[in-house]
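Visitor: Pasting a structure here, questions to come.
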Amino acid sequence: MNQLVVAFPFWHWLVEPLQYEFLIRAIWVSAFVGLVCAVLSCYITLKGWSLMGDAISHAVVPGVVLAYALNIPFAIGAFTFGFGATVAIGYVKSKTRLKEDAVIGIVFTGFFALGLVLVTKIPSNVDLFHILFGNVLGISQQDIIQTLIAGSITLIVILLRRKDLLLFCFDPNHAKAIGLRTQVMYYTLLSVLALTIVAALQTAGIILVISMLVTPGSIGYLLSDRFDHMLWYSVVSSVLSCVLGTYLSYHFDVSTGGMIVVILTTLFVIAMIGAPKYGILAQEWRKRSGPNPEDDENQTVVVDQV
């Protein structure tokens, strides 16, 4: 056996983490979270809701703290405060002359600050570092169940309302004109966004979860005009980053969420530079070759070809 290890050091490096049950559990949980985030990421990217995702991810902090203090599932507290923040944003926006970005900034920082106050004042077993950056390597069985439930609900809702959500994200005015209840779609998308953040909380934490919600869809958006292909690229890049990031975090003894996002960002940079049609190199080549009529269409064919 020792001779085999010496002869095949890479194989030993590869299989060593698989000897530990906690790491195997962390890998498949991360992969599931990556799948959920990737699917929703395509809709968030088309809708331009990256800031909304950031707001909700910060707003769940007081919910998590209170949930642990009251000994109730963290998913309930996180979803309640996350969705509550979106309702607050919509209410303040409708009652004032402030623009949405200003309202989002005010609401999410207020919720986040409340969470920090609660962390320091309410006795609980909540580790602020784990809230901020995740703790998938130490995830409990109860947290896994909550993550699976939240993620599964998100996937089911998106599957059932896929076309309606896509039309709402791409052209809400047209969706309203054909009789689609855009207000329902608005809160449906916000609900699954809050659920996805709850699912990803243990893997990436509130600081890094926004990257998992935005980057996969952005990668797919750069690589393809078709929404189904965009979805495929998004899922592959996200799941690959989650599995590889969890794996490498063990070997290099670094933050799992941080490593996942580093790999995901690296894939984005590669796509940004080398995407066949919308990459930097392709655009520079077209500039030197002369104008291309297809450039005027940009990404509007995403929905046309679904």
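Just so it is clear, glycine is given a Cβ too, placed from its N, Cα and C backbone atoms.
When I checked Swiss-Prot for this same protein, it listed these features:
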TOPO_DOM  1-25  topological domain 'Periplasmic'
TRANSMEM  26-46  transmembrane segment
TRANSMEM  49-69  transmembrane segment
TRANSMEM  72-92  transmembrane segment
TOPO_DOM  93-101  topological domain 'Cytoplasmic'
TRANSMEM  102-122  transmembrane segment
TOPO_DOM  123-141  topological domain 'Periplasmic'
TRANSMEM  142-162  transmembrane segment
TOPO_DOM  163-179  topological domain 'Cytoplasmic'
TRANSMEM  180-200  transmembrane segment
TRANSMEM  203-223  transmembrane segment
TOPO_DOM  224-228  topological domain 'Cytoplasmic'
TRANSMEM  229-249  transmembrane segment
TOPO_DOM  250-255  topological domain 'Periplasmic'
TRANSMEM  256-276  transmembrane segment
TOPO_DOM  277-306  topological domain 'Cytoplasmic'
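Looking at the shown structure, what environment does each listed feature sit in?
Guide: Within the model, the topological domain 'Periplasmic' (1-25) shows a mean pLDDT value of 71, rounded to a whole number.
Taking Cβ pairs closer than 8 Å, the transmembrane segment (49-69) reaches residues 75-82, 84-86, 89, 101, 104-105, 107-109, 111-112, 114-116, 118-119, 122-126, 131, 189-190, 193-194, 197-198, 201, 206-207, 209-210, 213-214 in its own chain, all 6 or more past its ends.
Outside the transmembrane segment (72-92) by six or more residues, the chain places 52, 55-57, 59-66, 98, 100, 103-104, 106-108, 111, 142-143, 146-147, 149-150, 186-187, 190-191, 193-195, 197-198, 201 with a CB less than 8 A from a CB of the stretch.
Outside the topological domain 'Cytoplasmic' (93-101) by six or more residues, the chain places 51 with a CB less than 8 A from a CB of the stretch.
Sequence-remote contacts of a segment are chain residues at least 6 beyond its ends whose Cβ falls under 8 Å from one of its Cβ atoms, and for the transmembrane segment (142-162) they are 25, 29, 32-33, 35-36, 39-40, 43, 73-75, 79, 185, 188, 191-192, 195-196, 198-199, 202-203.
Sorting the topological domain 'Periplasmic' (250-255) by DSSP state (H, G, I as helix; E, B as strand; all else coil) yields 3 helix, 0 strand, 3 coil.
Long-range contacts of the transmembrane segment (256-276) within the same chain, counting only residues at least 6 positions beyond its ends with a Cβ under 8 Å from a Cβ of the stretch, are 26, 30, 34, 133-134, 136-137, 203-205, 207-208, 211-212, 215-216, 218-219, 222-223, 237-238, 240-242, 244-246, 248-249, 282.
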Visitor: Report, as numbers and ranges, every residue of the chain located at least six residues beyond the transmembrane segment (102-122) whose Cβ falls under 8 Å of a Cβ in that stretch; write 'none' if there are none.
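Guide: Non-local partners: 51-52, 54-56, 58-66, 69, 81, 85, 88-89, 92-93, 96, 128, 131.
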Visitor: So, by DSSP, how many helix, strand and coil residues make up the topological domain 'Cytoplasmic' (93-101)?
Guide: 5 helix, 0 strand, 4 coil
